[in-house]
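Over in Swiss-Prot, the protein carries these features:
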BINDING   Gly15, Ser16, Met17, Phe18, Ser19, Gly20, Lys21, Thr22, Asp87, Glu88, Ala89, Gln90  ATP binding site
ACT_SITE  Glu88  active site, proton acceptor
BINDING   Cys144, Cys147, Cys176, Cys179  Zn(2+) binding site
REGION    198-227  region 'Disordered'
Amino acid sequence: MDRDRTTGWMEVICGSMFSGKTEELIRRLRRARIARQHTRVFKPALDERYSEDEVVSHNENSVTTTPVEAPPQIQELVQEADVVGIDEAQFFDDDLVPTCQALAEDGHRVIVVGLDTDYRAEPFDPMPQLMAVAEHVTKLHAVCVVCGAPANHSQRIVPGEDRVLVGATEAYEPRCRACFEPEPVTVTRPRPHTEALRAVATDDADASTNEADPEAADAASADGTAA
C-alpha cells in the first residue's frame, strides 16, 4: 500500500485481566474518531466471550471489530485506516510482530492490547516481542481481590492446564504478587467486594494512564464518552 504520510508507530497496552486494557483501547479509538481519523479494530476469531463482531470491555463498553484467524489477514483488511487497534494480542502467533511492524512502517498508528503474562505468570508470546519494538508501552494494573493491593497477575480459578482458556470473571481474578498462586485455585464463592474492586481497577487504570500521559488526560477531558 502506498500511503502519502510519514511513518506510523506502535503502542502496546498490557497488564493483567481486569486492569482496563480494552477500556483504554476504546478510549484511544474514540479520541482518534474525534480527530476524524479512520479506525479499524481486529481481534482473534477465538475470542467470542461477549460478541463475535465487537471488542467489549469487562464493563461492557464496546466498538465494532473484525475477527481474524491469523495476523496477515489484518494487512489485507486494514485498507486506508489511520489507526489500527488489535485486541487480545496474546492469542495470535508470532506473525503478529512483523505484521504490526509492517503496518507502522506503512504509516498506520497501531495500538496492540494484550496480557503480558499467562496464568502461570510467564511471558505470554508474542507480547514481549511487541513491547520490545513498540514506541510506547502502557502497563496497567488491576486491584487484587484478596488484599486490595495493585494486581499484576491473572489468577486462574478453574481447573485446567491449557495455556489458552478464554474466560472472564468465572475463570480468572486479579491478584498481586504476594497473593498470586502459579497453579489454578478453586474459588467456591464470590469474595467480598470483588465486583467493587474490579470497578476500582478500571478507574485506577484510567488514572494511572492519565498521570503517565498528560496528552491522554487532555483527551479524556475532551471526550465526554471516555471511561
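All positions are counted from 1 along the displayed chain.
Including glycine, each Cβ sits where the backbone N, Cα and C put it.
Known features from Swiss-Prot, placed on the structure.
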| residue | record | DSSP class |
| --- | --- | --- |
| Gly15 | ATP binding site | strand |
| Lys21 | ATP binding site | helix |
| Glu88 | active site, proton acceptor | coil |
| Cys144 | Zn(2+) binding site | coil |
| Cys176 | Zn(2+) binding site | coil |
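With the fewest other Cβ atoms inside 10 Å of its Cβ, the least crowded of the binding-site residues Met17, Cys144, Cys176, Cys179 in this structure is Cys179.
Note on Ser19 (ATP binding site): other Cβ atoms within 10 Å of its Cβ, all shown chains, come to 30.
A straight line from the CA of Met17 (ATP binding site) to the CA of Cys179 (Zn(2+) binding site) spans 15 Å. For the pair formed by Gly15 (ATP binding site) and Cys144 (Zn(2+) binding site), distance between Cα atoms is given as 13 Å, rounded to the nearest Å. Put plainly, the recorded positions Asp87, Glu88 were compared by Cβ crowding within 10 Å, and the winner is Asp87.
Within the set of recorded positions Ser19, Asp87, Glu88, Ala89, the entry lying nearest in space to Cys147 (Zn(2+) binding site) is Ser19 (CA atoms).
Sparsest Cβ environment among the binding-site residues Lys21, Cys147 (other Cβ atoms counted within 10 Å): Cys147. Nearest to Cys144 (Zn(2+) binding site) in space, judged by Cα atoms and limited to the binding-site residues Ser19, Lys21, Asp87, Ala89, is Ser19. In sequence order, Leu96, Val112, Val113, Gly114, Pro126, Met127, Leu130 constitute the residues six or more apart from Ala89 (ATP binding site) in its chain with CB-CB distances below 8 Å.
All protein chains included, Gly15 (ATP binding site) registers 27 other Cβ atoms within 10 Å of its own Cβ. Ranking the recorded positions Ser19, Lys21, Asp87, Glu88 by Cα distance from Cys176 (Zn(2+) binding site) puts Ser19 first.
When the Cα of the residue listed as 'active site, proton acceptor' is compared against those of the binding-site residues Ser19, Lys21, Cys179, the shortest separation belongs to Lys21. Excluding Cys144, Cys147, Cys176, Cys179 themselves, the residues of that chain whose CB lies within 8 A of the CB mean position for the Zn(2+) site are, in sequence, Val145, Val146, Gly148, Ala149, Ala151, Arg175, Arg177, Ala178, Phe180.
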